[in-house]
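Asks: Before we start, here is the structure in question, set down as structure tokens.
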């Protein structure tokens, strides 16, 4: 404030109370000595000696006659005291006006000491112990005389001689009224001399008891007192010597002015400076703030009884207990006002100003360097010093401790920040009323800003962001009291290894977010704070320390306490993470330390979309449109990824970039990593320990997705990420890096991963089929392409076209079947005949691809994994099924694998196109012998084994090429053992049991069976098993040709013509070679070894050998073999009778074996003879030609032969 003296500088009216203290100690020596006084006009005059400083007139003012007595000394010339007493000095306790009050209120040992009496009466409790008006007036005049007598300066010079010499400003003061003591009061924080310090402290207590005793204060604030109506406390109504209420009223007006925008409360600049200066000078001792002293006297005794007064210690103690339940509201209000003054002027806090004085000067944070109109704001001080700390500069521990206290103070009470009150008044009233204690209101506003309770204005959000930067709770979680209390239990259990107050505590809490160790209240408070920290990269101290160099170099950032309006929230961090994942070829990268911090932040913030400012900003509309119901942890980002194609461009780009980043470093998906921790530790710990992920960890998780240790959450998360990858090939980091050049060259303008895979795999297949000298797809891309194809084969959802085509069929027939392990795909294969046309075609196309490359058959590879290792470790992937088929009947073959091989054989035999080996071997034979079948065939639809049946018949006629014959022989052998491998036989001979089956299924009970069988995908198997002829054989678990044998034996009982024809074809095929008749071959194996060992197999040679042995009387065959051979002869004989002739040879054979062959031959002979006789009797039919014409034609023919080339040229 402006004071008297040099432009009224430093002029609090001083009083010589320390002298009184000194005199009181030697009172007996001085009283009665008769000399040593200070003169007739000395300082110990009657309280009414000086009337120019009297307050407004009061009734019954005392008019003492003697004016030489004073506070405890002697009158001029050694005159005795006015009222006697225990010595020769003037005593307050002996004055008539105050004697009764002193006796009633003050302890006896203080009566002889005017200072003690003054303190006693000045600090009296009200209203129970009210002092009389006369005594009040006497006390006020006494204090006024003490504080205006210029001769007290001489006393001060004696008491504070060494101190004055040290303080140059005070040593240079002119000898005028009040200047020296006023100067010492201002510099009392620098006074080290005990007696001088005590003297100045007591003088200050006297002055601050009444604003009118403060030099110049009345003049500076008179108009403001009237305007704010702070002068209602008048002498006579209340203690005249206790006018602290006026100062308190002005202080409230000052802080209210900062919180209002309408200008209703305005304090003049002169008064504002005076108020703040008074607050500064009362900052060390709470007794000097009279309003606060009286308001908090009981609370001080309750909470701060053992706290020694001085240096602002009582203030700090009361501040710390401000929100205690037992704190009185009156005291809490007074403390709040004091704190608001500190927020406006940091020097109002004695301890802060003292502890940080040297640091403020060192880092140019003092008043001279303040920005215009910011005065000495606490926020500027904190920001300036905090900036020095973050730059690695040394700030004293005492100063940092004080900063921590006041940062915590600002976070605890929102009302200490005028910007919050101004900008967030509406939000506080609507959403946060009644939550003002312990930082709850601020966290309530944070919650509103996060969007959990409503909308918030931009100004309020900016004010909150500024407050968070000022308080910097990211550096020490204890600053945020609400967070500290909510998370105390979590910190004690999950983060106990980290030092209290360390910035990494917040990081530890984020790592345990959504874990069982986290409590709900802590989770909410943590996310509310992190929302704001995420919008300013500087608020994470570890990140700032490690990355400030990189940020300045790459992102053009400013200092810690400097902001750029051009940079949107989160822009710097976005810049950092873009550079964090750059390759060396792409240019400048982050330092290793900074990259590690960026990864840490990404891993922590990926759990909540609100912690990514750019994502929330660009995707706010899409989040509301598509993901309003996704409230669970991590669901919002998954939802945006699921609707990627539906998002607006800006949001799609942001989500795409983040997903692309996740593909490189899947640990960003913290929730997924948590769910997959067991599987990572068991199967993927080596790649998980790598500092650089590069997609290896996700690839490992996909490969082990179906391990028994895999939990459902992890499997679902991995599958979801796979599904997201299908939307863009860039989302598969390893695939992108391996194939990006090939994609640009061979598959331009293709974005979806599945389309890129199809494009590249088609190119690879074409190059392979055409035996290209050089593959167009690079080797590294082909290797990664194989990985992607194998991954896609595991789940139908990873092949969008197939999934979309079969979605309804899945719903109808495979509703309860899991998607994983290709189970849906297997389900569709088993009910292929019941599928819709489009789905059927897609499944057929898939099977065709899998048969060409069995490694893409996920189910086969999974079920037969161990058998492949045993039997086919070195087999090429394209020959894997062929290898398994060759070892199918091995004794050590796994039954499940054998069953799966059989399924694939059944599938292959339904259409030659599903058997690549047969297709290649019979490439010339199929169009030659089966063209009529091909011409009727439809694309992507099975031929139900018609082509293979056609080739079987030609095999029996021995008309196939050798390569084709070898393949057909194998098929005949396999189908002879298992009727299910002959689709034509299975299809046509089902008619024999369809009648009975259908009649049963059409009953009420049968319909339930049908429904159940359809659900279990076994209706066709049910029909195959219900048979009148071969029920027992068909029910056998292991098929060894017994069903075929049954059908052959019961050939005469078969009524269906098509079934009978198929059985006849079987008989015909069996004549070609004994190997294709497993029952006969088993029965005659020993005889073949004995009698036909030298005969090579094939073309019916061994069969002919056995027939000759049967007719030879000298050869004795095994009974079973002989019986089977005789049965076969009978069957062949019957077959020859009923089978239709397919050629002239068959016709001739049927005629010769017919019982009516003589009749038939006779008819044929008669017919020929009749034609001959007609020719003889009727002559020529054509007209006779003349000889000349014959000769001419003959000559022309000869000439043409000789001159053919010439004629050709002429023509």
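Here the Cβ of each residue, glycine as well, is placed from N, Cα and C on the backbone.
Those TrEMBL annotations? Automatic predictions, nothing curated.
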Asks: To which of the residue ranges 1159-1182, 1183-1206 does TrEMBL assign the term transmembrane segment?
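Replies: Range annotated as transmembrane segment by TrEMBL: 1159-1182.
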Asks: According to TrEMBL, region 'Disordered' applies to one of these ranges: 32-91, 92-151. Which one is it?
Replies: 32-91
Asks: Within the repeat 'Cys-rich GLG1' (266-326), count helix residues (DSSP H, G, I), strand residues (E, B) and coil residues, in that order.
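Replies: When I sort the residues of the repeat 'Cys-rich GLG1' (266-326) into the three classes, I find 38 helix, 0 strand, 23 coil.
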Asks: Mind checking how the repeat 'Cys-rich GLG1' (455-517) divides into helix, strand and coil residues in DSSP?
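Replies: For the repeat 'Cys-rich GLG1' (455-517), the helix, strand and coil counts are 39 helix, 0 strand, 24 coil.
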Asks: Would you mind splitting the repeat 'Cys-rich GLG1' (776-836) into helix, strand and coil residue counts from DSSP?
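Replies: Secondary-structure breakdown of the repeat 'Cys-rich GLG1' (776-836): 45 helix, 0 strand, 16 coil.
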